[in-house]
Structure formats: C-alpha cells, structure tokens
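Colleague: Pasting in a structure now, in structure tokens, and then I'll have a few things to ask.
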Amino acid sequence: MFEVGECVAGFTIDEFLGGGASADVFRAHRDDGNGPVALKVLHPNASDHGRVRERFEREFGIASLLDHPHIVRIRAHGEIAAPPGSLGPHHLPSMWLAMQYAPGPSATALIPGRTDEPHVDTILRVAAQIADALDYAHRQEILHRDVKPANILLSRPVSPDGDTPTPVDAYLSDFGIAQFLDDTRPLARNGRVQGSIGYASPELLQAQRLSPASDNYSFACSLVEMFTGEPPYPRHTSFAITYAHINDEPPRLTRRRPWLPSAMNSIFAKALAKAPQDRYPTCTELVDILVRLMRDVPVPEPTRSRRWGRPRNP
C-alpha cells in the first residue's frame, strides 16, 4: 500500500480512504490547482486480476462519456509499470483511475437503524439528484446495473441530529459493470449474475434483457432501505433474496415505519413491480411523487447513533 506523501502516477497521496481485495482508494492531488481526486489503484496480485482490469477499463470507457453534475467524473486513468526486472503474475502493471473526490460518506450513512428515524428531507434531495443522473445516463443509452446506497457518494458528512445548514449533494459512482443498452453480451459469468443481489431486478437475476427499468428497480430498492432501514427483501441467503425479488410481493413500508403514509405502499408496489413495463418509466417520476406525498407528512425527528465514516467500495 502506498504511503502518505508518496507520488503515484503523478499524484501525491494525501490519505488512505479504503481498500478491498482488488483495489485501494486514496485521496490524492496534483500540483495543477484542480483540487483533490479519489485515486483508485488496482492490486496487481489480485486473484481476479483479469476481471477487475476489465471493470477498470469499462468504468473509464463508459463513465468518461457522461457529463452530469451528479455523476462522479473520471479525470484520468493509466497503468503503473511493474518494477524493472520483475517477473511472474505478482509483478503485473497496476491500473489506476483518478476520479472526482467526494468528501462525505456513501449514502449508506442515510440508512436508519432500528431505533433511528430517517432524515426525509436529505433522502429526498439525494434521491432527486441521483434520479436525474440515472435518467440522464439512460438517455445516453447507458445502464448502470449496480445502483445501491454504497455507490452513491455524498458531498459531506450528515450530522447526527439531521441538521443540514449546508445542503448535501450526491454523486452516482462505480460504472464498473455498466453496459450500453444495445450490448448483447451475456449478463452472467459461470452461472453467476453480476450485480448486488439485494437491489437487483428480477430480469437481471434471471439473466434476461435489461432496460432502464432495471436501474429504476434498483433505485427503488435503495430508497426502501433509506426510508425503512432494510432493503425490500432482507433474507438470510442469496438464494432466498433472489427468490423474493422474482416471486414475493413488494414490502409494505408502513409495517416497518407506521408513520409513513399508506400511499407509500402502492407507490413502491409499482416501483418494484416484477414486470419492467409496470414500473415508473423514469426515476424522476417516482421521486416527484414521493416529494409531493411527503410535503405535508409529520416526520419524526431523525435520530442518528450510527456510523459517520467514509466508506469506499473498491
């Protein structure tokens, strides 16, 4: 792992943000006056090096085509050469991506615990921005395919009492498994569907053709979790979660948060419809309905006794 002050691909490392089995993420800067970036560096000895390289290339190739205020901008990418004379699979070049830096946590920080209440105003603001970003990507014929709270980054931490003197902005990140609408490549690898099962649409889980409605479904799953503290189908195994997405009725949100208006049940029943054509046609339409519904609803004061870190998902 690189040290603070070390120069990597022309960037000076300022802070280690997080890491995983395949990559590390750092806050870094260049002396060009453009401010900090999030620098993601692939581990050259990752066991799934080939697959992760493909994700890096895809993330740069697709995300660099998008220009939206609430999509993380990809600034540059490249390779760090292996040391001279090094041999073998553990001495491969490392790929890197330099991305827009978001100083806040991911939207997982907005998910309330069992004894907490959600901060509705902040959730709706974040939802409106991400909805606009997704609808924009869909107009460019690009599907994200992995919409979830962990892939939504916030501009700053949210205070424990929910007070937001400076509004929070949100940014859609991680286009590593995104695809173009006309992409005909198989959606599964070795029988396993790529994506996050807790937020995956029935058609993705069944390796069927995807559409913007597939992202819209994942977006709705994310909102269910931010409003209630749980994803739509909190089962104990991947098989049970997959079965529920394909077969079970959408959850009634008022059973989890009784103060929510009963109309939320029918709204999310449509947003989480099994058939893509039965869902809301855009993410923005769903959010607009929620904003109008929640405008006059008495909302309990948000309480926050949970994490305020800055998770990153390499």
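Cβ atoms here come from the backbone N, Cα and C positions, even for glycine.
According to TrEMBL, the record shows the following:
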DOMAIN    11-291  domain 'Protein kinase'
BINDING   Lys40  ATP binding site
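Each of these features: where is it, how hidden is it, and who are its neighbours?
Modeller: When secondary structure is read from DSSP and collapsed to three states, Lys40 (ATP binding site) falls in the strand class. Around Lys40 (ATP binding site), a 10 Å sphere centred on its CB holds 27 further CB atoms from the protein chains shown.
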